[in-house]
Amino acid sequence: MAKLSPLTLIFIAACLSRILHLTILSGLSKALPLFDTSPSLLLSSPPPALRWDAIHFASVAYNGYEYEQQVAFQPGWLAVMRLAGEGVRFIRAASVVELKDVILGGTIVANVAFVAATLVLYKLTKHIFNPTFAFLTSLLYLLPPTATPSAPYTEPIYSLLTFSGIYLLSIKRQMVLAGLCFAGATTIRSTGIFNSITLMCFAVFGDAHIFDLDPKDYCKIRKKLKPFLSAILVVAPFFMFQHYTETVFCTRELKRASTARPWCSNSPPVSYGFVQKLYWNVGPFEYWTVSQLPNFALAMPILFSSLAGVVKFFSHLVSSSQVLNHGTEEIPPPPILFELYSVHVLTMALLLFTSHTQITLRVCLGDPVVWWNAVKLGFDNVQIGEAPMGQVKVNKFGRYWIGWTVVWGAVAAVLWAGHYPPA
């Protein structure tokens, strides 16, 4: 019998994880009463996938943008859900698409995207580190501390587009295709604009390490058009959607009647910050209250590993640059990691200081650095050469991480099925 490749094993494990998780959620939703009846506003017998933000996603995908608070969500995933719903309608030979078609279609796409994202993460990690590191990263990725990969949420497809963009950029050197993937990610989540940093830095620095550049090279950057065009491609979907919201909520008729929304008088009239602040209480330090301490505690394992991983990476980056300048040997990290860790720092800062911090548990799915940090901190000898599996040992932090993701993942499934907080 032929030995299965690591990629095949990961594919099988990812598919089994989706089947198992969907089965568990289905059973739990039948056994648990809904703590909040919001899902019943859309369907009298809501499926387990219809919880929290999925309620908004399904509503907009089916009815379009009806209310101001809904423009907090980028339109990309909602369009995918609608298209998937049309596919379900076609398969069941119905004349009109129904809300349940949209929910089922979105659930299928999200689960397929999660499996695909896991495979792309393995291939990306294998090229940057080594096969053992990549295998462990993928296995940890299949133990997320959230139930959202099984639901019609933005994270799975956002992760797939982001990982694919990084892979196409750093491994295949396909800048245009990478830019399209990153732009697609921005249509899914507004944080996709951070990927413009990765693309622009790669266009400027290429395979050079940032500390190896001569000061004259920085002066040349201002004369280059390509990096800025790349960045515009990635951020364009965000501003295009803001223009759309302006045309809907800031019409001349509404302005004449003095009934236009307050943000319409801003220059430029951007709705995003206003809506996030008014309806979702998102803003600098808005979440820093005593009552939210439990939610900070939930995100602490990721925040702690992020801090430790960032300090370790940039310390290595600086020290490797210094020894190279002195002629001694120390292998510096691959150049692409500087961009990815920089984006990681921005993302974690946004989650810690501005957002609902507990969403770190699901936003982490789209950030490969989170999972690389977990492997670096949780396993010994994993970055040495090819790192044969027999030489790699799980340490105390690794056991804690695995235990935490398993236990909290199970708790999160129960909370999700019963529509219990936190979201």
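Using N, Cα and C of the backbone, Cβ positions are placed for all residues, glycine too.
What Swiss-Prot lists as transmembrane segment is 7-27 (among others), and the listing cites sequence analysis.
For 102-122 (among others), the entry in Swiss-Prot reads transmembrane segment.
The annotation transmembrane segment is assigned in Swiss-Prot to 128-148 (among others) on the grounds of sequence analysis.
According to Swiss-Prot, the feature transmembrane segment maps to 151-171 (among others). Beyond its flanks by at least six residues, the transmembrane segment (151-171) meets 48-49, 51, 53-54, 57-58, 73-74, 77, 80-81, 103, 106-107, 109-111, 113-114, 116-117, 120-121, 123-124, 127-128, 177-182, 184-185, 188-189, 192, 195, 198-199, 202, 334, 336, 340, 362-363, 365-366, 368, 416 of its own chain at Cβ-Cβ distances under 8 Å.
Marked as transmembrane segment by Swiss-Prot on the basis of sequence analysis: 191-211 (among others).
Per Swiss-Prot, the feature transmembrane segment maps to 228-248 (among others); the stated evidence is sequence analysis. Same-chain residues lying 6 or more positions outside the transmembrane segment (228-248) and placing a CB less than 8 Å from one of its CB atoms are 65, 71, 74-76, 175, 179-180, 182-184, 186-187, 190, 192-193, 195-197, 199-200, 203, 264, 268-272.
Counting same-chain residues at least six beyond the ends of the transmembrane segment (298-318), those with a Cβ under 8 angstroms from any Cβ of the stretch are 145, 209, 211, 332-333, 337-338, 341, 344-345, 348, 351-352, 357-358, 360-361, 364, 369-370, 372-374, 376-377, 397, 400-401, 404, 408, 422. Annotation source Swiss-Prot lists transmembrane segment at 298-318 (among others), citing sequence analysis.
The annotation transmembrane segment is assigned in Swiss-Prot to 333-353 (among others). When Cβ-Cβ distances below 8 Å are used as the criterion, the transmembrane segment (333-353) is approached by residues 128, 166, 169-170, 191, 194-195, 197-198, 201-202, 205-210, 284-285, 288, 299, 303, 306, 310, 313-314, 316-317, 320, 359-360, 363, 367-370 of the same chain, each at least six residues removed from its ends.
For the transmembrane segment (400-420), the residues of the chain that approach it from at least six positions outside its boundaries are 21, 24-25, 28-29, 31-36, 38-39, 48, 51-52, 140, 143-147, 151, 298, 301, 305, 361, 374, 377-378, 394, judged by C-beta separation under 8 angstroms. Per Swiss-Prot, the feature transmembrane segment maps to 400-420 (among others).
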Checklist entry - What residues in the same chain, six or more past the boundaries of the transmembrane segment (102-122), come closer than 8 Å to it by Cβ-Cβ distance? => result 6-7, 10-11, 14-15, 18, 22, 43, 47, 49-50, 54, 57-58, 61-62, 77, 80-88, 134-135, 137-138, 141-142, 149-153, 156-157, 159-160, 163-164, 167, 365, 368, 371
Next on the checklist: Counting only residues 6 or more past its boundaries, what in the same chain has a CB within less than 8 Å of a CB in the transmembrane segment (128-148)?
Outcome noted: 6, 9-10, 13-14, 17, 21, 25, 117-119, 121-122, 155-156, 170, 301-302, 334, 336-337, 361-362, 364-365, 368, 371-372, 374-375, 378-379, 382-383, 385-389, 392, 401-402, 404-406, 408-409, 412-413, 415-417
